[in-house]
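Structure, as structure tokens:
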Amino acid sequence: MDQRPKFGMILFYIVLGVFLMVALRGLYTTDTNLSVPYNRFLEDVNDKKIIKIVIYDDGRIVYTTSESSKRSLETKVSPQTLSTDRFQNYIDQLVTDGVNVVYEKGNDSLFWVNLLGTIIPLAIIVFIWFFAMRSLSGRNSQAFTFTKSPAKKYLSNDKNVTFKDVAGVDEAIEELQDAVNYLKNPNAFSQTGARMPKGILLVGPPGTGKTLLARAVAGEANVPFFYISGSDFVELFVGVGAARVRDLFSQAKASAPSIIFIDEIDAVGRHRGAGLGGGHDEREQTLNQILVEMDGFDAKTGVIVMAATNRPDILDHALLRPGRFDKKITVDPPDVKGRAEILKIHMRGKPVDPDVDVWLLARRTPGFVGADLENLVNEAAILAARRKKKIIGMKELEEAIDRVIAGPARKSRIMNPKEKKIVAYHELGHAIVGLALPNAYPVHKVTVIPRGSASLGFTESLPSEDRYLVSRSEMLDNLAQILGGRAAEEIVFGEITTGAANDLERATQMARTMVCQLGMSDRLGPIAWGKEEGEVFLGRELTRMRNYSEEIASEIDNEVKKIVIEAHERARKLVEKFRDKLDKAAEYLIEKETITGKELAEIVGLAESGNYYRDPLAETKGSKRKVSAVSTNEEAKEGNEDEKN
């Protein structure tokens with residue numbers, strides 16, 4: 001309901017009342033009489049200038065003087081200035097002098113006007129105060145509720161999320177199962193003398209499903225779930241954060257067994273005393289209150305505190321000690337099997353073509369986390385709806401991957417034939433170098449379709465399997481592949497363009513990482529140069545401490561330059577080797593706009609030995625690759641149990 005018209009009418013009546021009060025007061029007090037001081041009255045009496053005096057019972061005194069035949073002057077004397085005895089003496093003297101003395105009844109209206117003139121302003125002030133207090137204490141105001149916790153409470157019957165809705169983090173689920181069992185049956189732990197951790201910290205990159213895991217624990221245990229972000233505690237007023245912490249924990253204890261989940265706890269749990277000012281602030285007071293509340297738990301409380309962060313290195317040590325967040329669970333990005341399971345979960349309830357190859361999609365998305373995969377499926381659903389299709393097909397899902405990686409296709413960006421030709425040779429330079437080098441990532445496809453805000457085309461290379469270690473030879477081959485585009489421009493056109501700017505930046509950074517962090521320089525040896533260290537609130541670019549001399553810095557620069565130049569020369573030699581096949585490949589790419597790594601390998605004569613993407617599961621045919629064949633965590637667990645039996 002809109003309150004503005006009601007407030008406007010109230011304001012109108014207030015203004016009208018003030019106006020009438022002023023008008024009435026002016027009406028009854030408007031006269032041209034002069035208020036004279038007591039001395040002037042005495043002078044008029046002694047000089048016998050008074051010809052008439054009127055005394056009102058409301059205390060007013062009005063007298064008329066006649067200083068000449070032309071005019072008379074009526075004046076008022078305040079009775080408070082006259083004592084009763086002396087005033088009566090003056091009246092007697094005036095009567096003796098023949099002055100007309102009259103006693104009259106006072107003006108009652110003027111009395112009420114004066115009274116209202118005093119009461120109405122007070123009434124207006126009281127009314128405005130009452131109206132303001134009522135508005136501030138309404139449901140839409142937090143003026144008097146800012147000390148209450150803003151945590152969202154999810155009850156046990158509010159569309160519970162369970163472990164069946166989580167995939168790709170089997171180890172984390174196994175660790176969290178203890179928390180579920182504790183919430184369901186705390187006595188089972190106390191019988192063995194075990195103490196359930198008071199706090200569980202979920203650590204992992206953004207989007208890996210930390211919040212989803214916490215909700216799944218609450219759903220599995222069927223207990224209330226209190227969700228709050230670390231930034232929700234701290235407000236403008238001092239002490240609000242600590243008050244909200246107390247209120248949150250009191251609510252959780254009243255609803256026990258329950259779970260408190262603090263997302264992004266690094267917003268409030270950073271190292272104390274690490275701010276630029278160095279002093280105590282509201283954030284530290286809030287953190288202290290969290291520590292105190294967690295110390296107040298006992299085994300019978302039935303409340304588990306969970307938190308999530310992607311910056312565990314900046315958390316205060318007191319927060320991580322035993323008795324507080326003493327259990328840390330790492331939530332890693334999913335592997336290829338986990339990605340396939342996550343894709344199936346996000347495809348639930350959506351009209352997906354049964355022939356969709358989720359294993360290929362999972363292998364095309366290395367490094368994707370759960371949030372990325374959810375976005376991928378959603379993008380595919382949007383594309384299917386845009387094309388007026390009733391089901392989501394493999395084509396939409398593959399295009400969605402390209403949209404997530406490189407942005408949407410810019411079909412309206414029309415390049416002239418010369419620029420399109422340069423882009424084609426540039427991308428083929430990347431691809432051919434990748435095909436020829438055995439340790440580079442296998443080439444999956446090449447396209448000259450512009451995507452995103454800056455990309456005019458791209459070459460997609462995929463690892464054949466999930467990798468956790470990278471060798472020096474692999475890094476050098478990938479470095480040469482990155483510089484293959486610039487090498488192709490130099491050889492084919494005899495000049496370079498701005499298209500290789502990002503390639504040079506990536507190549508330089510990779511070479512510097514090899515020298516400074518990985519000890520892969522023959523000249524400088526197995527030494528890590530520089531140390532990442534800094535205060536909590538300093539920017540990332542200021543956190544790398546330089547612990548070497550100017551001479552070493554010069555040698556580092558020379559070594560980085562040497563690695564990049566050598567990789568560039570390798571790329572040039574490989575492009576020159578396949579120069580006779582490059583023109584044919586460019587014509588084919590410009591015509592088709594997108595070609596696979598296998599097609600390019602056949603054109604340049606590397607069909608057998610070329611390093612293009614070969615599906616590791618190519619021999620797995622039929623329904624085993626389809627979306628319906630991907631197992632969820634529950635199905636996988638059942639399968640493991642069957643194997644054990």
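Placed from the backbone N, Cα and C atoms, the Cβ positions cover glycine too.
According to Swiss-Prot, the topological domain 'Cytoplasmic' annotation covers 1-6 (among others).
Positions annotated as transmembrane segment by Swiss-Prot, on the basis of sequence analysis: 7-27 (among others).
Summarising the annotation, Swiss-Prot assigns topological domain 'Periplasmic' to 28-110 and lists sequence analysis as the type of evidence.
Marked as transmembrane segment by Swiss-Prot: 111-131 (among others).
As annotated by Swiss-Prot, topological domain 'Cytoplasmic' applies to 132-645 (among others), with the evidence given as sequence analysis. Across the topological domain 'Cytoplasmic' (132-645), mean pLDDT in this model comes to 82.
Look at Swiss-Prot and you will find Gly204, Pro205, Pro206, Gly207, Thr208, Gly209, Lys210, Thr211 tagged as ATP binding site, backed by sequence analysis. For Gly209 (ATP binding site), the same-chain residues 6+ apart in sequence whose C-beta sits under 8 angstroms from its C-beta are Val166, Gly168, Val169, Val331, Val369, Gly370, Ala371. DSSP classifies Gly209 (ATP binding site) as coil under the three-state reduction.
Marked as Zn(2+) binding site by Swiss-Prot: His426, His430, Asp503. Other Cβ atoms within 10 Å of the Cβ of His426 (Zn(2+) binding site) number 28 in total over all chains.
The active site annotation in Swiss-Prot covers Glu427. Secondary structure from DSSP puts Glu427 (active site) in a helix. The 10 Å shell around the Cβ of Glu427 (active site) contains 24 further Cβ atoms across the protein chains shown.
Among the features that Swiss-Prot reports, region 'Disordered' is placed at 623-645.
According to Swiss-Prot, the compositional bias 'Basic and acidic residues' annotation covers 634-645.
Reduced to three states, the DSSP call for Asp503 (Zn(2+) binding site) is helix. Each of the binding-site residues Pro205, Gly207 was scored by how many other Cβ atoms lie within 10 Å of its Cβ, and the smallest score goes to Pro205.
Taking CA atoms as the reference points, Pro205 (ATP binding site) and His430 (Zn(2+) binding site) are 30 Å apart.
Using the Cβ center of Gly204, Pro205, Pro206, Gly207, Thr208, Gly209, Lys210, Thr211 for ATP, the list of other same-chain residues with Cβ within 8 Å runs, in sequence order, Leu202, Ala308, Asn310, Val331, Val369, Gly370, Ala371. Taking only the Cα positions, the spacing between Thr211 (ATP binding site) and His426 (Zn(2+) binding site) is 43 angstrom.
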